[in-house]
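According to TrEMBL, the features are:
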- 1-114: domain 'Ig-like' (DOMAIN)
- 12-34: transmembrane segment (TRANSMEM)
- 128-149: transmembrane segment (TRANSMEM)
Amino acid sequence: MSTGKIPFLEAVNGSTVLLPCTYASCIGITNLYFKWEFNDNGTMQKVADSVIPTDHMEPNKVNIYRERVEYVGSSKGNNISILLWNITFEDAGVYNCFGKNPKEKGKNHTAFFTLYVVEELKVVDNTLTIIIASCVGGFIAFLMAFMLIKNFTLFVLAKIEEKNKECLVTSSGIDNTENGLSGSKSTPKKA
């Protein structure tokens, strides 16, 4: 049984809330019994229950034991989730999603989901996060621009140096013929 990555939810009084729960079995299922329970000050109250005969089959009649509860699960995703309509502060608390698969030799599986009911959702001030993200992004952009300018400058300097070497080779060839190096005419000097 799993209630997903986030095992809690904060919801506004009067809204509708999905309580997620999924099941999985490596060996398949046969008459998987599942139920949702609500912990009401230490007393577990049944919210919904049913039996799923086999894999990829919808459950038999789902029994609902509380008002404003709807079963919205589907065998396609091994989903046994429920909806709570028009929640109130009394709906806040811990919900258990329980499953028992006889194929697993009577092992029980339970996932917990905590519902917090509030008058209104808190507005989170993200100013500091935005400032930090902007500074980091600006710094990264500065580094990229610096590296780009540095590489461009090195490229230009390499081309200029390459051009200067060609000029030196050409001019040294002329000098070499005058100084009597190989490939040049040699004329004896008069003393």
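If you go along the chain as it appears here, the first residue is 1 and each next one adds 1.
Yeah, the Cβs are placed from backbone N, Cα and C, and that goes for glycine too.
TrEMBL does not curate its annotations; it predicts them automatically.
Beyond its flanks by at least six residues, the transmembrane segment (12-34) meets 1-4, 49-55, 59, 72-73, 77-89, 95, 97-104, 109, 111, 113, 115, 117-121 of its own chain at Cβ-Cβ distances under 8 Å.
Secondary structure counts, DSSP: the domain 'Ig-like' (1-114) has 9 helix, 58 strand, 47 coil.
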